[in-house]
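Residues annotated as Zn(2+) binding site in Swiss-Prot, with sequence analysis given as evidence: Cys113, Cys118, Cys139, Cys142.
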Amino acid sequence: MSAKDPSRGLLVSPIKNGTVIDHITAGEALNVLRILGITGSTRECLSIATNVESKRMGKKDIVKIENRELRTEEVDRIALLAPQAKINIIRNYKVVEKKGVEIPEVIRGVVRCPNPGCITNTDEPVASTFEVLDKGLHCLYCDWLIKDDIANHII
């Protein structure tokens with residue numbers, strides 16, 4: 001319970017080991033799970049909180065994944081959806097590492113190009129490569145620009 005507001009306790013229990021993804025853009029928690037390949041049939045024990053009040057963001061989502069630490073490419077995917085997200089690595093109930101996500105300048109093999117004629121969508125063994133711009137994601141093979149709904153293009 002908080003000393004300032006006794007009506008506010010912990011929304012979900014702490015985890016012993018794993019990852020807490022905090023400050024996810026409100027409404028994006030389920031997309032974060034999807035791009036991490038976490039479904040209802042996977043083995044991870046999850047805690048999800050959506051539209052939680054946040055002084056800094058107004059509203060935010062939080063995801064706790066027990067017994068799993070994220071790989072760099074997974075963190076890069078999260079950065080595309082939630083650029084303000086914080087990744088907390090938990091070991092024995094303690095935060096041992098806390099870092100913000102960084103959107104890379106170039107992403108490879110993370111996003112599928114929506115252009116059906118792009119070489120990355122053929123049988124050629126070519127990984128998609130996008131330059132990250134303020135206005136969206138620019139395919140370096142076919143010059144296609146993804147401006148909206150990036151979550152649906154993440155592999």
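Cβ atoms here come from the backbone N, Cα and C positions, even for glycine.
DSSP gives Cys139 (Zn(2+) binding site) a strand state. Look at the binding-site residues Cys139, Cys142 and count other Cβ atoms within 10 Å of each Cβ; Cys142 has the fewest.
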